[in-house]
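What TrEMBL says about this protein:
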- 15-262: domain 'Nodulin-like' (DOMAIN)
- 16-36: transmembrane segment (TRANSMEM)
- 107-127: transmembrane segment (TRANSMEM)
- 148-170: transmembrane segment (TRANSMEM)
- 176-198: transmembrane segment (TRANSMEM)
- 210-231: transmembrane segment (TRANSMEM)
- 243-266: transmembrane segment (TRANSMEM)
- 358-379: transmembrane segment (TRANSMEM)
- 359-521: domain 'NFD4 C-terminal' (DOMAIN)
- 399-419: transmembrane segment (TRANSMEM)
- 431-450: transmembrane segment (TRANSMEM)
- 456-478: transmembrane segment (TRANSMEM)
- 490-514: transmembrane segment (TRANSMEM)
- 554-576: transmembrane segment (TRANSMEM)
Amino acid sequence: MGRVNEKLVAFLNNRWLVFVAAIWVQSCAGIGYLFGSISPVIKTNLSYNQKQIARLGVAKDLGDSVGILAGTLSEILPFWGTLLVGALNNFIGYGWVWLIVTGRAPVLPLWAMCVLVFVGTNGETYFNTVSLVSCVQNFPKSRGPVVGILKGFAGLSGAILTQIYAIMHFPDSANLIFMIAVGPALVAIGMMFFIRPVAGHRQVRPSDGVSFSSVYGVCLLLAAYLMGVMLVEDLVDLSPTVIAIFTAVMFVILLTPFLIPVILTFSSETTAYPEQEALLQQSPKQEPARSEPDGHEVIFSEVEDEKSEGEDLLPASERQKRIAQLQARLLQAAAEGAVRVKRRKGPRRGEDFTLGQALIKADFWLIFFSLLLGSGTGLTVIDNLGQMSQSLGYDNTHIFVSLISIWNFLGRVGGGYFSEIVVRDYAYPRPIAMATAQFLMIFGHIFIGMGWPGAMYIGTLITGLGYGAHWAIVPATASELFGLKKFGALYNFLTLSTPMGSLIFSGLIASSIYDSEAEKQAHNGLSQLQSSSSVWFSRLHVDAPLKCDGAICFFLTCMIMAGFCAIAGMLSLILVHRTKGVYYNLYGKSRASTLS
């Protein structure tokens, strides 16, 4: 009996169980990505124009990104309490929107609807914060893969929820809003006692590489499966039974990662490796730069900062020898009064920063504005997919929402995987992967803007991959440059850039251009109606919501966004240049010692 209890405790405290529970929460946490599916029904039932829908979209983006309160509460409340607050936000916000859209509650002013959408979507920030902070703390040596996988499942949640909705056979598509209100809240409440830090750095195993490979395999299988299912459902009229079978297989794939903590706990390999624990416990003492160094470490820190670039090319033993010589000379000079050793103010990049300390660093703002321009343009496409596809003559807008959700997912998983190769194998700055994604997004915007036959599929592919990559690369980069201690606050501040970008590109640029083109088309149609002397029908046409048809509706918007993506890529390249030395200190030394 004691052996069983020991196994059960080990299972409940297994960091892979926490990771799997976080994956399930993230699988339904990206509720904001379904706005493109619910915006047409909101627009129709409440008689909104495109500017009003754009304002709701900005409110959604604000709710999705303003996570300062979530980051603060995660440091005060237990993680289960933070998840519960997020579940309540999600349920109350979107539940009330559903009541209004279906006529069960009185219609509220636009500003009140924006508040409800903000509150409902803001629940996602609580899910993200708890999942990311707990898992990054449990897997400190695998930040790229962990962040990429978690954010990837959040991006895929749009396709997952759409597939679940397909088996419910609601006659009114407004009931998708009801599922958005109830589904994520129930999953978060069910998982809230499992997601927490469990001293994961003491559970390092040689089999971790195999475990991550298994999760990556599940990710790729799920994405490929959902893409195939969505295409089949779009091209073929399937029976409810077949759709239910497709959805059941999707659930089986989602449950597969649960086998990892089960096997790890109940296999023969049940104990941590003491030599690895010793190395992990000793590593902080061996690191040369800390936030609170003593006198010798301050000198070492300054020598590291001032060393020439060519010194990085020396063998590790020779470099350490030279630094030790310089340190000894400085100590002797300080003792003789020739120089004064000065204590560095604040942490160095790679150490633990507070939010206030990070805000005065140029690197932090380079990340912020690069994310604003890159993810802001990508999110504008996601928010306006319904109108974009309708303007190009596509009747089923759900297929593009589902497809871009899959590409978004693959971009996040791939961004985490390939950026980890860049830093681990080459000790090169991770932001180079973000620059690559941003330059690729230029072509995605051009394809969508041109409106060629089939270009919508290619454009959503490129844009989804590029947008998704941001959310695997940026959190990992922030944790590497500014530390893990205040990671929740730092990450949630950086996410503020996304609604700012959405406000600029969607709320101001896209909606204004769309309504302007729609007014031109309505004016031309009205002139034709007046020439036929149908006064009553002309008035009816004027009262109808504005609608734009053709590639012209979003052409100029997409070209503008392509230009700003180029600027974002340049900012990322500047960050790469500035952080080469930091990434060499983080990853290059261990790589050089391994090679030697």
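Glycine too: its Cβ is placed from the backbone N, Cα and C atoms.
Through the fold, the transmembrane segment (176-198) approaches residues 12-15, 17-18, 21-22, 24-25, 27-29, 31, 34, 37-38, 41, 78-80, 83-84, 86-88, 90-91, 93-95, 97-98, 101, 120, 123-124, 126-127, 130-131, 134, 137-138, 157, 161, 164-165, 168, 170 of its own chain, all at least 6 residues removed from its boundaries and within a Cβ separation under 8 Å.
Only pairs six or more apart in sequence are counted, and the transmembrane segment (456-478) with the transmembrane segment (399-419) gives three or more Cβ pairs under 8 Å, enough to call it a contact.
Of the candidate ranges 148-170, 399-419, 554-576, 554-576 contributes the most Cβ pairs within a distance under 8 Å of the transmembrane segment (490-514). Among 16-36, 399-419, 431-450, 554-576, 399-419 has the largest number of CB pairs under 8 A with the transmembrane segment (148-170).
Segment contact holds for the transmembrane segment (243-266) and the transmembrane segment (16-36), given three or more CB pairs below 8 angstroms at sequence separation of 6 or more. Remote same-chain partners of the transmembrane segment (554-576), defined as residues 6 or more beyond its termini with a Cβ less than 8 Å from a stretch Cβ, comprise 363, 366-367, 369-374, 376-377, 380-381, 384, 387-388, 391, 428-429, 431-432, 434-435, 438-439, 441-442, 445-446, 448-451, 466, 505, 509-510, 513-514. The predicted model assigns the domain 'NFD4 C-terminal' (359-521) a mean pLDDT of 88.
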